2 protein chains.
Amino acid sequence: MTALRVALAQLPVRVGDMAGNAAAMAHAVSTAESLHADVVLTPEMAVCGYPVEDLLAEPEFVRAAMDATRQVARSTDRTVALLGAPWVTGCLPVAGGARPTGWMTDAQSRSLRNVAVVAQRGTVRGGHAKTLLPTYPVFDDARHFEAGARQQDLYQVQTPDGPVTFGVLVCEDVWSDELVQEMRRGGAQVVVVLNASPYHVGKQQLREATVAAAARNARVPIAYVNAVGGQDELVFDGGSFAVDGDGDVIARARSFETDLITVDLPVAPEVDPGRSWDVVDLGATHTRRCTLPAPPLTAPREVDDEVYTALVTGFRDYCTRVGLPKVVLGLSGGIDSALAATIAVDALGPDAVWGIGMPGPYSSDGSVTDARALTENLGIRFDVVPITDAHLEREQVLARLLTDRTGDTGHPVAWENLQARLRGTTLMTIANATGALVCTTGNRSESAVGYFTLYGDSCGTAPNPLGDLLKTTVTMKDGAVLPGVYGLAQWRNDRADAAGLVPPIPVSTITKPASAELAPGQQDSDSLPEYPVLDRLLLAFLEDHASAGELADTLVADGWDRQVAASTVNRVLTLVDRSEFKRRQVPIRIKISTLSFGRDRRMPLANHWSHATAEPRPGELQPTGSVPDVGVPGAP
Amino acid sequence: MTALRVALAQLPVRVGDMAGNAAAMAHAVSTAESLHADVVLTPEMAVCGYPVEDLLAEPEFVRAAMDATRQVARSTDRTVALLGAPWVTGCLPVAGGARPTGWMTDAQSRSLRNVAVVAQRGTVRGGHAKTLLPTYPVFDDARHFEAGARQQDLYQVQTPDGPVTFGVLVCEDVWSDELVQEMRRGGAQVVVVLNASPYHVGKQQLREATVAAAARNARVPIAYVNAVGGQDELVFDGGSFAVDGDGDVIARARSFETDLITVDLPVAPEVDPGRSWDVVDLGATHTRRCTLPAPPLTAPREVDDEVYTALVTGFRDYCTRVGLPKVVLGLSGGIDSALAATIAVDALGPDAVWGIGMPGPYSSDGSVTDARALTENLGIRFDVVPITDAHLEREQVLARLLTDRTGDTGHPVAWENLQARLRGTTLMTIANATGALVCTTGNRSESAVGYFTLYGDSCGTAPNPLGDLLKTTVTMKDGAVLPGVYGLAQWRNDRADAAGLVPPIPVSTITKPASAELAPGQQDSDSLPEYPVLDRLLLAFLEDHASAGELADTLVADGWDRQVAASTVNRVLTLVDRSEFKRRQVPIRIKISTLSFGRDRRMPLANHWSHATAEPRPGELQPTGSVPDVGVPGAP
């Protein structure tokens, strides 16, 4: 049976590093050449990284990316290289923000495309422009690119087994069954796809199921290469793979690591030439073939491992790429900061992480002892810098002013937020003085209901490793499990245990009730529903767009009183609506869910619509969208 | 000559307030009816506001918008109402973030359109779906909507003058000459356009020139209605207008205010029926017509007035719509906080603005006296809350810690930022206690080069009124003038003077050298080029995408030494690149420029590309994109 030897070069995303990316691509090309591959695939936009957003509006950036791609093309020999790059057709781009003539319509002024450049024997031989430009959750391709036609050229190579015709797609294209079938009917015996497909829980299974179905339906094998590594809030998880014409996965690369796998892919029969598309003849690749070992079929990770690795990867890549691979973080003795510190240590090593305990007037003794135990387990530096004196000074001065001017000291939450802000200021000062990043540690549940202090515990110049983790583990509608803070902490401890190492997170940190410790005896459950309830409501609201009524129904089905259920839901959704303005100013978080805060979910701030009542709030009387920063106990 | 009587209902944008918007639309319909208008136009998406972003992904939101639109439709009689609304064709939307099946391609799963609903005699008679979906600077229409076909229905009414066929477009559609010409050739004798077109300097002239050219080229009159009011960072400036078939403006509504104007628009001749499109016959409108006065032709404002009014409008609408129409702001005695306070007072009234002087260890005497003079001129409350003691306490504690642990006190900028953060914390506490918003006062020049302290002077829960204003006035490439902070301050003082009122901003505030006063004798010019130079470089870089070489050339042309020019440009662009992470966490700013920070300019944070050298920085060694928060003196 005729086979196409395809090398999948799973390369890291490094935005804007054309020289480094081109070197990695050239190295992959030469490796593939030495393995007698017919074709080598690099990820979508491999030469400049993805997403690069409005850098694509800058002529010099695009020119540099195209120059670097041509340079890789010059290094090609017999193996056909598919190089992911932005490519200008006609003239330089005026896409995105760069429209200097202003306000032209898209179709008239776009000339930039998202291309798989086809290179061989030292030159660019052609290319496939991405046809389907996603504009949903995290993607904005239509902002930057002109779409490619549905029917573009196919490519033929003479392999040692005989001629093979293949088609090329870019990422979103392969999610359309139809496009693959059209390409097969047009003459493709193999389809290869360049991707930059970011991680979320269950993504690899979704990718493989989708590509396998497309392969089965079109009776054509598909080779799928993905990027790897973190870029701002996204993590590319690799896991490149190939499926045969039955849709069976016959090769799979590692996840979250750079990799290069090569597979002999049995090709589909030639089609009736009457219906065929234009084919570019690339001539012979190699005349003989070395023998390959069986291609690797790396087993997927289990979900806790996968999520934890995504967080470590995203955190590490951000901090190292911005050139500041060390962090300072506040340790409260609680579960969130403990897990964040553990992730930071796994990402950057213990010498790069500095924990600061900042007890205040209402901190428990456990806050410092638990934090200290954690740092001893992790082997990181720990210092205690109380905020008590600074808090007392500001509280006295401001309480006097407010009493003089307004008759009382106002909303009590102001004085809780004050403590959090003095902690944020303390961390930022230490970080600025020492050239470190600050790691914030708020989880997705808190972020959703605004249970945090803007400019306080949300201070952070590194990505928030917990910002897309609910507090507790929740089962999703499709039955899959979405790990939460507690679950990952326990998993990490268990992993250490199993390896005969000290579990990093103290047991008391995991077992004690959650508390912000900003008022005497305060517990999270004073202000919020219990986390398992809150998290289930949040997930159904945020990801499934469940209405207030539907959410209340799920509680009633669990035995809740109808009225209590309705008021609980009302309270939660009102808090979510009212904290949009706070979420707009927090650090990026590393995406692991299907629909995270950030690029995935874009909301107006001034907004009369209430999710709690599914109707507009009347007039100016009941504010929504924005309230003073009364985050910590979620009031009023 | 046959005329179509068109009423342009220039209504305010109120996101999510379907009940309020529907009431305003119904009122406009009934007014138009009483004026015997044939057609009444409301703004694009008038029923739910625009942009509403991912609220469009929520079935209940869309359903409420459609229900409210149908309710307005029920109130129609003879006058044909064009109602801007999101509209589902087929089924409920899965656009934007709401794609529950996940990762479908856009074209397959979109069923939501941006529609001008055509209503008459109590029912919905048809609609035009926006054809061109902008995805550039501030717009993301392709994220949410499916595009309408290029050829949709035309509508015919029997006016007292005889039958008239008209075509309907939505916003971006009219920026395509071709679409207008196709519609004219298809049979339209008038084109009406529903818009939500946000303000920037020169926008009204651009709109009128574009629409006039389209009218002239197609020999067809065009009526253009715009929305009015602030929505987050955008301000809709109204200025609805009509042009005749020669492209002459024959009516213009007021800018920045709700308005309704009615005009008898002389229609173009009927076209050869052979080429005509489908026409929906709406029957008779009115059988007689009351006499209209000559339509208003409001003169455009001059540019300082226009920009100032945009800032006041955007600031006022945000604060009132979120239900917190009072602000606290820090007054340093400098020009920025003085102008911001003046805008806040013009927006919300003197009783709603509280100025706080927060002298620190390096503050000049003038900082308090100038601030006090300003507040007396403005008639607002002023209090002095020094940060000196709090600063001393934190400085001592942290300097001791750092010296113990690292041998020295680290980067000096940390101690400057500490002062700014204690001020931010102080303002936020006062605001939280009293239910006010905090107004930040940093200008666009500072924002560009990161000359501010994250979580310090950038703290703000109201929109930043100065965030899109350069420090100085700059002439743009097309010769138009872009007013800066100094220019607007002087204009506002002059306006007061001319009206016989006290100019609000003290002369010494305008004349003294700019200083952050965070170190002894510090001036902005120690760290940055003089503002007129800086601002010219920034504008050319940000809006015209000038390269480093081109920027240096402009300085050399002004007599600068080549090497000094190159190093100045290098320094400025490096600062811009390095402060992306800071700009990501600042409050929204009100857009007045063609390309502001915010929705207009979307940049990755981790980024190896350097604008200063137009090449990637090698490896991990030279960080870009993110550095510790060393903003204040812009170092290192």
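Cβ atoms here come from the backbone N, Cα and C positions, even for glycine.
Caution: TrEMBL annotation is automatic and unverified by curators.
Positions annotated as domain 'CN hydrolase' by TrEMBL: B:4-267.
DSSP classifies B:GLU44 (active site, proton acceptor) as coil under the three-state reduction. Cβ-based neighbour count (10 Å, all protein chains) for B:GLU44 (active site, proton acceptor) stands at 26. Under the heading active site, proton acceptor, TrEMBL lists B:GLU44.
Residue density at B:LYS130 (active site, for glutaminase activity): 24 other Cβ atoms are found within 10 A of its Cβ, drawing on all protein chains shown. Residues annotated as active site, for glutaminase activity in TrEMBL: B:LYS130.
Taken from TrEMBL, the feature L-glutamine binding site covers B:TYR136, B:SER197, B:LYS203. In three-state terms derived from DSSP, B:LYS203 (L-glutamine binding site) belongs to a helical segment. The Cβ of B:LYS203 (L-glutamine binding site) has 20 neighbouring Cβ atoms from other residues within 10 Å, across all protein chains displayed.
What TrEMBL records for B:CYS171 is active site, nucleophile. There are 27 other Cβ atoms within 10 Å of the Cβ belonging to B:CYS171 (active site, nucleophile).
Marked as ATP binding site by TrEMBL: B:GLY330, B:LEU331, B:SER332, B:GLY333, B:GLY334, B:ILE335, B:ASP336, B:SER337, B:THR441. Applying an 8 A CB threshold to same-chain residues 6+ apart, the list for B:THR441 (ATP binding site) reads B:LEU329, B:GLY330, B:ASP336, B:SER337, B:LEU339, B:ALA340, B:ALA341, B:ASP457, B:ASN464, B:PRO465, B:LEU466. The secondary structure of B:THR441 (ATP binding site), as reduced to three states from DSSP, is coil rather than helix or strand.
Residues or ranges marked as deamido-NAD(+) binding site by TrEMBL: B:ASN417, B:GLU446, B:LYS582. Neighbour density for B:ASN417 (deamido-NAD(+) binding site): within 10 A of its CB lie 30 other CB atoms from the protein chains shown. The secondary structure of B:ASN417 (deamido-NAD(+) binding site), as reduced to three states from DSSP, is helical.
Sequence annotations record features per position, and here TrEMBL assigns region 'Disordered' to B:613-636.
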Name the secondary structure element type, per DSSP in three states, that contains B:GLY330 (ATP binding site).
strand
Cα within 10 Å of B:GLU44 (active site, proton acceptor) is the criterion; apply it to the binding-site residues B:TYR136, B:SER332, B:GLY334, B:ASN417, B:GLU446, B:LYS582 and give the hits in sequence order.
none
Can you name the recorded positions among B:TYR136, B:CYS171, B:SER197, B:LYS203, B:GLY334, B:LYS582 whose CA is within 10 A of the CA of B:LYS130 (active site, for glutaminase activity)?
B:CYS171
Near chain A, which of the recorded positions B:GLU44, B:TYR136, B:GLY334, B:ASP336, B:THR441 can you find when the cut-off is a Cβ distance under 8 Å?
B:TYR136
Quick check for the class: what is the C-alpha distance, in angstrom and rounded, between B:ASN417 (deamido-NAD(+) binding site) and B:SER197 (L-glutamine binding site)?
39
Among the L-glutamine-binding set B:TYR136, B:SER197, B:LYS203, as the record gives it, the longest Cα-Cα distance in Å:
16
With DSSP assignments reduced to helix, strand and coil, which class does B:LYS130 (active site, for glutaminase activity) get?
coil
Pop the mean pLDDT for the domain 'CN hydrolase' (B:4-267) in here, whole number is fine.
90
In this structure, which of the binding-site residues B:ASP336, B:GLU446 has the fewest other Cβ atoms within 10 Å of its Cβ?
B:ASP336
Compute the C-alpha separation of B:GLU446 (deamido-NAD(+) binding site) from B:LYS203 (L-glutamine binding site), stating it in Å without decimals.
25
Looking at the binding-site residues B:GLY330, B:GLY334, which one has the fewest other Cβ atoms within 10 Å of its own Cβ?
B:GLY334
